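Some notes on the structure that comes next.
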Amino acid sequence: MAVGFHCDGNWMYSGSEDGTVRIWDLRTGTCQREYESRAAVNTVVLHPNQKELISGDQNGNIRVWDLAANSCSCELVPEVDTAVRSLTVMWDGSMVVAANNRGTCYVWRLLKGTQTITCFEPLHKLQAHDGYILKCLLSPEFCDPNRYLATASSDRTVKIWNVDGFKLERTLVGHQRWVWDCVFSVDGAYLITASSDTTARLWTMSTGEAIRVYQGHHKATVCCALHDGAESAPS
């Protein structure tokens with residue numbers, strides 16, 4: 001359900017419906033560590049400090065896995081028995097957002113002076129959609145000083161929220177079915193989305209318009225990635 005890489009490229013992590021989070025040594029191809037979530041894992045992200053994994057599961061649990069201590073260092077349950085569908089961490093480690101099946105985003109920030117994400121301070125609760133939120137994503141470093149949160153939903157829309165006050169900036173409308181995934185370009189000027197309507201769409205953030213529609217699949221498109229050409233519009 002989720003995969004990602006450590007910054008040095010020596011290992012990767014995965015989260016599975018089998019209820020585990022695993023770390024894989026890319027040099028040997030073997031599983032180095034296994035953490036038990038006790039419920040299907042929907043989402044896993046690596047903190048920018050590269051020392052902690054954060055997972056969200058079907059039972060509504062958020063767990064922080066301290067890789068140095070090789071243990072769970074923190075556990076949160078925003079809503080009991082409400083699946084956490086997606087997690088995202090701000091590029092500088094200052095904020096964490098969790099999105100669930102009830103269309104709600106829970107936002108935490110780090111306490112002042114802490115070096116890890118294990119100390120959460122509740123910041124905001126955002127009722128972003130009426131349906132499931134399938135993906136939430138904070139904007140990348142080169143989007144600063146503007147900071148945004150994108151939420152993709154079963155209501156067929158993607159909403160863009162200004163993190164300063166969580167004001168709704170734009171609603172991207174065009175997909176005909178659930179929107180499963182979204183990815184910002186490096187500078188935050190574009191967003192690509194993937195939908196059950198079999199298409200992927202490239203949106204410009206300045207106008208909120210879809211400037212390209214990618215068609216060809218015969219079933220749902222549930223994930224996407226963006227190859228960012230530095231000097232031209234991404235593809």
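Note that Cβ sites are derived from N, Cα and C of the backbone, with glycine treated the same way.
TrEMBL labels come from automatic prediction, so no person has curated them.
As given in TrEMBL:
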- 1-34: repeat 'WD' (REPEAT)
- 34-67: repeat 'WD' (REPEAT)
- 126-171: repeat 'WD' (REPEAT)
- 172-213: repeat 'WD' (REPEAT)
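Across the repeat 'WD' (172-213), the DSSP tally of helix, strand and coil residues reads 0 helix, 24 strand, 18 coil. With helix defined as DSSP H, G or I and strand as E or B, the repeat 'WD' (1-34) counts 0 helix, 20 strand, 14 coil. Within the chain carrying the repeat 'WD' (34-67), a Cβ under 8 angstroms from the stretch's Cβ atoms is held by residues 1-4, 6-7, 13-23, 73-89, 91-93, 96, 98, 100, 115-118, all 6 or more beyond its ends.
In the predicted structure, the repeat 'WD' (172-213) carries a mean pLDDT of 96.
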